[in-house]
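Q: Per Swiss-Prot, the features are:
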BINDING   69, 71, 87, 90  Zn(2+) binding site
BINDING   489, 491, 493  Mg(2+) binding site
């Protein structure tokens, strides 16, 4: 559908019987109204043509071949001079055959049928609105017991209130035997309400605003009672309060969307367009049909049987009528959601029929596979790997993917710069991978964002915009901080990349969808760009260090000299036999890059004169004196060098290269943020 802002959208919800009839009914040029499917047949076995008023009827759903009716007559489509617009013999319109992809039909049900999604799916919408146990409603829908319908100011044959009690269940079986079908209908319409019709009557009598008011009053009363001290009673009250909240939210949703509660009970059953449930002829002349066709046939058979019982036969016991209504209800349940009530229906080969729910839900359903997961132009797909050197708003795009996605832009660039005379020459240069092609590709990519999407896209952060950069290999590089929004990890996950073409799409991507502009969760407002998985493991490895204490590697006098003054060339000496001293962090990282020390090797790093360390009353582990009078106080994680007059000359802390690298990254990030903030103010 298209709203008032001209946005295309898809809305799923309950609709009225009038709306279903409007979708499926069409008026032929001769004034005849068609749309109701009354026969369970598909194609005639001799002529291989659709049966009239059947599941593939050309009068209802349109011609199989464009402009050709069931009789074989042909008319030019769209020609105003051609008259008439339909065949007077078979009643088929001369229209495009693509109408069979969206033209619906309907089945007029002989009795109301409850929509199984609203009854059996948890939470049950019908049970919530009626405030009745689900088991009780199921017994009513499937004709296990009945409601008495007391009529005011009139004498009633049954003096009952509410439900038949279980000890007098025999009434349900004995009363219908005394009435013919017509008499039983009169009696039942006056005295007893059973089946989905009883549910529909109760839903139609509901006032949603009164439900909201009463539920809020009851919720407040339960809140005022407080805790009783009995754990079981407190849990019962808590469950009741949660139920009232769900009931209020459901009623508000119905009011907001202009949905009537009784629409959850079907009187008209929509029939899908035939192209969405096709019958295909395979090798050998055999036919392969969609399971939905067989389920529709089952519904029509049972519905026609019930119609015959209610209209033609006058001596059928009422119990048989109720049993047939139950069969119609079960057939519609199987069509909508096979197996929701227990054992699913199977065919002759013990294969479970694929119902409407199975067609649309799941990874291989209509939405995730056909609509959301369909292949589109200007898109690609590849495995994601971590790109630790990337900025948060950038992603690494393999050259092979980038040149395919931006090929048209590169061709335009080659022609504009007079490097190619036509499209063919430009494509030839791209196939040969000339250096100028990569230069133009870099220019094109600088100002063009791309969209990355990881299925399933459950919330808006499942698709975000990035500035692409060329990388080697065949995998898409991604910053690890954006993984939580995508719910992705680097164990083989795949992501799709899309190129926004229009200027509006590019502006929307830059203003709303860039990853550095989506740092908070839209659901709860908490930060979502936080270190997870690989980053946490990396931080742990970076800062774990050597777990050995200071006492394991005793103080070595050769450590007193600065590392820069060391003249030894044996790298293993620094790596395994001592803990070197460094005057600053740059020397320590330089030694690590020269592979003189390991990432987790303990070392001593000169530190600023920290007042907290100076004022500490901790007792040193060891004190070593030198010949010139200076001495070293060695503690668990730091070392103090004092002069002969006990003045502090230097302070060294015991750390690792990993800790130093993390500290420098944090310090640079804070300084960069401070500079950006000062520029902004």
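Here the Cβ of each residue, glycine as well, is placed from N, Cα and C on the backbone.
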Q: Far apart in sequence but close in space: which same-chain residues, 6 or more away, have a Cβ under 8 Å from residue 90 (Zn(2+) binding site)?
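A: Long-range Cβ contacts: 58, 59, 69, 70, 71.
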Q: Between residue 493 (Mg(2+) binding site) and residue 87 (Zn(2+) binding site), how many Å separate their Cα atoms?
A: 56
Q: Counting across all protein chains present, how many other Cβ atoms fall within 10 Å of the Cβ of residue 491 (Mg(2+) binding site)?
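A: Result for residue 491 (Mg(2+) binding site): 9 neighbouring Cβ atoms inside 10 Å.
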Q: Could you give the Cα-Cα distance between residue 491 (Mg(2+) binding site) and residue 87 (Zn(2+) binding site), in whole Å?
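A: Rounded to a whole number, the Cα-Cα distance is 61 Å.
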Q: If one measures from the C-alpha of residue 489 (Mg(2+) binding site) to the C-alpha of residue 87 (Zn(2+) binding site), what distance in angstrom results, rounded to a whole number?
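A: Rounded to a whole number, the Cα-Cα distance is 61 Å.
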Q: Look at each of the binding-site residues, 69, 71, 87, and point out the one with the fewest other Cβ atoms around it within 10 Å.
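A: 71, out of the binding-site residues 69, 71, 87, has the fewest neighbouring Cβ atoms within 10 Å.
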